[in-house]
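Everything on this sheet refers to the single structure shown next.
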Amino acid sequence: MPINIFHRTNRSDVDNLFRDDESGGGGSGSDTDAPGGVEGRTGSRPTSSHQQQQHRTVYLNQAQPIKYCSNAISTAKYRYRLLFFLPMFLFEQFRRYANIFFLVIALLQQIPGVSPTGRYTTLVPLISILVVSAIKEIAEDLKRHKADDEINNREVEVVKDDGQWARVRWRRLKVGDIVKIHNNSFFPADLILLASSEPQALCYVETANLDGETNLKIRQGVSQTAHRLEARDLVNMAGKLECELPNRFLYQFAGNLRENDKPAVPLSPDQVLLRGAKLQNTNWVFGVVIYTGHETKLMKNSAASAPLKRSTVDKLTNQLIILLFLLLIILCLIMAVCNSQWEASLHWYLAIDDLSVFNFGINFITFVILFNNLIPISLQVTLELVRYIQASFINNDLDMYDEESGVWAMARTSNLNEELGMVKYVLSDKTGTLTCNIMEFKRCTVAGTSYSIDDGSAMELGALSEGSGTVSATVREYLTMMAICHTVIPDHDEKTGAIIYHAASPDERALVKGAKELGFVFSTRTPDYVIVDALGHKEQYHVLNVLEFTSTRKRMSVIIRTSDGNIKLYCKGADTVICERLSAASQYKDTTIRHLEEFATEGLRTLCFAVADISSEFYEDWKKTYYAASTALHMREEKLEDAAQLIENNLMLLGASAIEDKLQDEVPETIAALLLAGIHVWVLTGDKQETAINIGHACRLLTPGMALIILNTETLVETREQLSRRISEFGEQLKRENEAALIVDGKTLIYALTPDLRKDFLDLCTSCKSVICCRVSPSQKAEIVDLVNSGRNAVTLAIGDGANDVAMIQKANVGVGIAGQEGLQAACAADYTIAQFRFLARLLLVHGAWNYSRLCKVILYSFYKNICLYVIELWWAVLSGWSGQVMFERWTIAMYNVLFTAAPPLVMGIFDRSCSAATRMKYPELYKESQSCSQYNMKVFLWWVFLALAHSAILFALPVFSMTQDVAWGNGKTGGYLMAGNMVYTYVVVTVCLKAGLESSAWTWPTHLAIWGSIASWFLFLFVYSNFWPALPLASNMSGIYIQVFLSPLFWFGLILIPLSALLIDFSAKILNNSVRKSLTEAVRESEITNKDLGKVLDTRNRLTETARLLKNVFRRTNTRVSLEIEMPHGFAFSQEEHGVMRQAEVIRAYDTTQPKPGGM
């Protein structure tokens, strides 16, 4: 079971209960304690195999005795390229029962005297199918290898023995290498931090690519290596580094650094820099490589290689092929029995008297070969070509091209094109997928007045702060607080002189940047004071104390001493915690709350700002209390909180800020379209609950008034109780969509995904309109996808942009990667790649719906046309003594799927469409038809089989009986069986081609060309083929047959009458469906053709049922476990790492921006 990897607290009881057995994970069984088994050679007792696998030993500045995993990664299906391509490819192809069947038929045809259709009529097409499929697979997999090579060929600096830095490709990086990583660069492997450009070996790391969190993490090297600031210092290091074996737990690590002649230094997750994370706000770091390639924690959380996915349509086709195979066996048994019971005395010259049992077996095999084409061998080739061309349409769609990034949509596999039209659940990452991971200060309310950056009103605050009066004083206090109440570190660009702000919290960075825009520039930080350039005047503030933000406190405070000696406390946080600490004399509360509600409806992240004047006497007393709490040995956190409570009161409200966690373009519109299409949208993120809910409101996944069901549990028993209570509240509405949203955190998921609670949890999820899972690990994301796949048997689509999304992308039926700024890991592992989330709507609603409809018609039509022709051999067997005699010449049979009926399904699969792209985008409800699998299921398949059988009976009976009752020519002569066979064959070709036209929704010029061209090709073939003999030693029995056929009035009369008679059933059914049982798509199509108003056809209004209204009230009344703060009616959200390696107060005390940083040469 998955582990909640986002907490470092001791949870051994949970870990022991739920952890997978990964003691030997990572393929590192060769890891040993000593190089080359030295102990054994020196006479010491050799270490046992079990002991050798307990940890990994990395030697510093010397060759490793063991060859570890390569740092090259592969996300391709066929990872080792040509080495295992053939067996893996054949395994994939022969998972299709049709290919197994045709292989058996090809082998049976090699038995002399058995096959009535020749030895190679099945083998050659089968080989052609496999070759075409292999070419397509190679072409698609080469794209994956190309993307992998782009990552593997990135370069990083590695220190060499001579103390110089050399650039090395990522793929050449080895365990034990010491590397230098620059700012804004990704870590190429899992590293142990040695030193950095920042004080005390600190560095900031962005892990959004790993866990989805937007705030930066602080990592710190151990003090024993922090002084090694140059390459020569690193070269002089000698010793070894011991660490645990590779595993998938992102924030669990144990190791020791043992330098020669020095005591061992313990290593923890605070010293680990993980592959996939990014260095931020730090000029450079030095690190030693401990895990490489597929042994890194990032890759351990991903599947080893791209899974072999199959579409729902493919799986159903496999089942139908089994059904047809059973039908074929029954049919052949009937014919073999009838042949054995045939009255030979009437035709004594055809009978064989001996070996009747042997003849029964031979006849059975003969009939199997004769009827093998009931299962269309051409279907695989047609599907491969159609899917490949459909994928090219996706790749070249201008409406899914992102001009800003220059990224086109890309179908990395074409095997799932139709699956895009059947998606029921979209499970999306948040950071980088829905959001741009950019925080911007947008609005504020100060002294009861609302201001906005967008309309320019906020720019008046600077001038207003210079005025006199209470409002001006409040504005100046507010802007000053924005500039100094934070833990941001300023840095100056040496080239441009511009100020760059480094912060662990993106919210604080946005606030400081906002203050800078308004004229209050935070410019300097030292361990004791900060300097603010306020409208051109430099002001110095001494920082006395920093009371840090935690998710429990929901606020942070800074105590400062101004230049005139006054002491002030600035406090910012959630409106609920600030308001309850306000002084009775505080103003603007009601107005500020009203503005907060307005900001929250826009999806903005809000913080309230307040100030308090502190007397020197009170501060000195409080400082002693706070110091005593900070040095307490017991209950330190509780005592620090109590101390903070003493000073964080009697606040005066200044106003509030509103920060936009910038969404990608058209995200709310895209989600609205998906919801209208009947697609459930779930958000799975590693970010905090407050942030996730805030984004849910911003992207309109959560709407005002929607009931929020929030599950935050600590134990298995509590989780079971909560689930039971919530399920009982739904009553009869359980498993139906309600106007409610479920919010659940990663810790709760640990218990909710246990076997005995999975079903209840899924029932609760599917009863809600929206689901948001917070603080989830990559493995939990994958398990949620698997839960929906198995529990609801629905098609799932997972979309994300980071490496932490790879697991769920590979687990889902369809994986979509955002080719964003977080690296290419998700894009490489995905089935489809798009530049932005907004393109998902077109990918599903247009391409998905079109591809599904087209593929369904191609498959059904392929079955239909083959049954229509080859069942005629059954009717013919009745007249030919069940002898296995074919009615048609063998090469005309072979050409049926290759030439005469190949074009119609191909064109149908490429160009057919019921509605235009613009209509499908405007009316997403049209997607529900393909989503419901209404066009391809057992009922529809049996209807097509019935039509094929009916058509074959009509097309055989009418020509044959007309020949028995009438003469073929005016001279009174009659033709032989080939004359009748070619007449029937002609009518079959005409009928199935016209049937293709009847099923086509769009009669384009390729449609006309395919239908009439196919019919013409048969007539041309008959003319040419009948003239082969004697010029070519081929088809002697067809010599001159075209003269017999074309000169017969009966043939031309039947050419008009018989196909129309056969299609009369289809015409009747079509009229009935389009008049009495007209589908929504058909109604829209007719409106498009007649240029009618589509709005009259589609009623897109969403009405809230009375039951849903009652449910809202129930949830609001019974949601007693969750406080109003957590429900966040006013949009509070704040991101910052908690319980990190250093407190924020300690971090800012370590910086002095007036001093230069080391260069790390």
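Think of each number as a place in line: the chain as shown, counted from 1.
Each residue, glycine too, has its Cβ placed from N, Cα and C.
So that you can see what the record holds, here are the features copied from TrEMBL:
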- Asp429: active site, 4-aspartylphosphate intermediate (ACT_SITE)
- Asp429, Thr431, Asp801, Asp805: Mg(2+) binding site (BINDING)
- Asp429, Lys430, Thr431, Glu508, Phe549, Lys572, Arg605, Thr685, Gly686, Asp687, Arg775, Lys781, Asn804, Asp805: ATP binding site (BINDING)
- 60-123: domain 'P-type ATPase N-terminal' (DOMAIN)
- 152-215: domain 'P-type ATPase A' (DOMAIN)
- 827-1077: domain 'P-type ATPase C-terminal' (DOMAIN)
- 15-56: region 'Disordered' (REGION)
- 320-342: transmembrane segment (TRANSMEM)
- 348-371: transmembrane segment (TRANSMEM)
- 858-879: transmembrane segment (TRANSMEM)
- 891-911: transmembrane segment (TRANSMEM)
- 940-963: transmembrane segment (TRANSMEM)
- 975-997: transmembrane segment (TRANSMEM)
- 1009-1029: transmembrane segment (TRANSMEM)
- 1041-1065: transmembrane segment (TRANSMEM)
So which residues does the transmembrane segment (320-342) touch in its own chain, when a touch means Cβ under 8 Å and the partner is 6 or more beyond its ends?
96-98, 101, 356, 359-360, 363-364, 367-368, 371-372, 374-375, 863, 874, 877, 881-884, 938, 941
For the transmembrane segment (858-879), could you work out the same-chain residues 6 or more beyond its ends whose Cβ comes under 8 Å from its Cβ atoms?
313, 317, 320, 324, 331, 335, 338, 370-371, 373-376, 378-379, 382-383, 386, 885-887, 896-897, 901, 904-906, 908-909, 936, 940-941, 944-945, 947-949, 951-953, 955-957, 960, 984-985, 988, 991-992, 995-996, 999
Looking at the binding-site residues Asp801, Asp805, which sits with the largest number of other Cβ atoms within 10 Å of its Cβ?
Asp805
At a 10 Å cut-off from the C-beta of Arg775 (ATP binding site), count the other C-beta atoms across all protein chains.
25
Sparsest Cβ surroundings (other CB atoms within 10 Å) among the binding-site residues Thr431, Asn804:
Thr431
Mind checking how the domain 'P-type ATPase A' (152-215) divides into helix, strand and coil residues in DSSP?
11 helix, 28 strand, 25 coil
How big is the Cα-to-Cα gap, in Å, between the residue listed as 'active site, 4-aspartylphosphate intermediate' and Asp805 (Mg(2+) binding site)?
7
Using DSSP, how many residues in the domain 'P-type ATPase N-terminal' (60-123) fall into helix, strand and coil?
22 helix, 1 strand, 41 coil
Please name which of the binding-site residues listed here, Phe549, Arg605, Gly686, Arg775, is nearest in space to Asp805 (Mg(2+) binding site), Cα against Cα.
Gly686
Averaged over the domain 'P-type ATPase A' (152-215), what pLDDT does the predicted model reach?
89
10 Å Cα neighbourhood of Thr431 (Mg(2+) binding site): matching binding-site residues from Phe549, Arg605, Arg775:
none
Protein Cβ atoms within 10 Å of Asp429 (active site, 4-aspartylphosphate intermediate), excluding its own:
30
